[in-house]
């Protein structure tokens, strides 16, 4: 009796809160959790007409097909290589940039530099890729400048040797400036007294960066690094899809574009889901392992 | 702050390096802009770098006369406006209860939201679910998938949590319910976070490519990015016009125009929101 009474009282007072939350909750359930559960079609021969309930179960069949296909290893290797470049080459750039921007004392100049570096973040990958294709076209600015120095034209967008570097440079161009925001915020939150006393003790700017700023930025960088690892294999469909050409397919085709092709275009639903699940599991294991390592080494981690 | 001579030199070098870097970051944009205003012949003779040669509006005239491009522009503009308003509304409606301890399921909801950041459903079950709820080839697909993200939810909740409770308490004494508290007290004082998240949502919807690529079949509902992509890659139609030698534009100058055309609206709202978004992005980083 008392419990129902309390429930009644709570409901009468707080129902607006639940009503408010309803649209957002429905969104999470329908668009995030139901698809997550729908992953079980990786273990079926899913057919659109039969649905999940009536499609036959086939166990690990699609995973076997996956691991037996030579295509898959090429695509997996491409994904790993780009993921590796993302974590090792692209990830540190915002940190270095933030340390440099922090050395700019003139406020207007600092703002100008930041604005110039932020802008590409707001352009879509379709646009970024469009600009890249234009710059590296036969008459584009890249080949025009080559021409000044007497070099012949070079179509690097169509050359598989350069695809990975194009991926790296477009990533840095679009995201590195934006990525400095968090580091600059962390730097500005630091206690100026530490720097003052360091200056009095005779520490040079470079020493201050090495012994104060960097160590203080490390926890932020670590959290970002772990988040980055979690999306290690999540390279950005839009970016790779828009930068790919038939000539760069052999090095640029990744899991995301492979899933799109086999799943959406060829309607191999169960197979493509198996590929997606494989990708998700590897990603999760990576975060888990590195979180453990990080906790052991530094005492801090994501959870 | 006194610095030694060598430190001053290092600092000057860093500043110079950053200025050069900023210029390099902007050169691609300047290059495509000048190609869009240049005549066909200098473009083909490799004479255009970051300044237009043989200034002409012919390419712009050709592109801006295309009704299909304007239709895509309209589709994208409407989706962006409707989607941003709807997103902010639904995000705020969920974030606000999450700041109240009376909202007893709050902890579970937060956990469920955070889990979506770690576990993303594979593409195909997501595609099939969207199809089942009727979003295939439906223009609503340009809006609905972007309504809520756990990341933005956390930013908004963090902002609401810092809100001084005295203001709300005073309103409660006067008999205000939760809806009035949110809409009359909290939201009017949350302009910074609304502007920041509004910009994030608007940019996401404006720039989206994968969703329309998968879900929109009817060309009438192609958003701008799909249209631009078609211009950039399969430009048979442009190639034909561009190759007629008496014309003052080419496939490449037309492509440059469509690229600039899609950038302009983003760059126009950017300065107004710039003062807000650094703060908002920092808010997001607090949680990490």
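Backbone N, Cα and C define each Cβ position, glycine as well.
Curation plays no part in TrEMBL annotations; they are all automatic predictions.
Of the listed segments B:140-160, B:224-244, TrEMBL assigns transmembrane segment to B:140-160.
Taking residue pairs at least 6 apart in sequence, the transmembrane segment (B:73-96) and the transmembrane segment (B:181-206) share three or more C-beta contacts under 8 angstroms. Outside the transmembrane segment (B:73-96) by six or more residues, the chain places 109, 139, 142-143, 146-148, 152-153, 156-157, 160, 178, 182, 186-187, 190, 194, 197-198, 201-202, 205-206, 221-225, 261, 265 with a CB less than 8 A from a CB of the stretch.
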